[in-house]
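Okay, so here's the structure we're looking at.
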Amino acid sequence: MSDNIKMHDTENKNEWINWIEEAVDKEHIKYYEYKEFSNFQEIGTGGFGKVYSANWKNLGKCFALKSFFSLDNVTVKEIVCELKIQREVDYHDNIIRCHGITKFESAGIIMIPN
Ligand SMILES: Nc1ncnc2c1ncn2[C@@H]1O[C@H](COP(=O)(O)OP(=O)(O)OP(=O)(O)O)[C@@H](O)[C@H]1O
């Protein structure tokens, strides 16, 4: 891969990470502290990562947490796409809502109801 292409990829990744950070700053997307989750159980695997069920803040309610194998350029773009699509369709009763995001080490996680 040429240096030009690498540089372009990095710029795009930063652009999408900025989009997520700005959405969190403006409170369009809620940020959750990872340490507030407990009792993780693996419940599935998708193309981009594993999905876990977990409890939040000792509440009995269970949430699904979607993790990502890596936060490379393609994955970060997919996260932004998924968040944008969720925003368009989450008024519908049959669509599960995205509650927000959290972060653990390098693996970004989207949190959705279970
Ligand atoms: N909210 C949820 N509640 C229960 N299980 C879930 C939930 N979300 C995902 N899963 C489980 O995790 C698996 C992977 O889900 P995920 O959304 O990551 O991938 P996918 O949509 O099947 O594929 P891709 O990642 O390629 O789009 C699902 O097949 C399902 O078994």
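Cβ atoms here come from the backbone N, Cα and C positions, even for glycine.
Under the heading ATP binding site, TrEMBL lists Lys66. Residues annotated as domain 'Protein kinase' in TrEMBL: 37-114.
Taking all protein chains in view, 20 other C-beta atoms sit within 10 angstroms of the C-beta of Lys66 (ATP binding site). Mean predicted confidence for the domain 'Protein kinase' (37-114): the pLDDT average there is 85.
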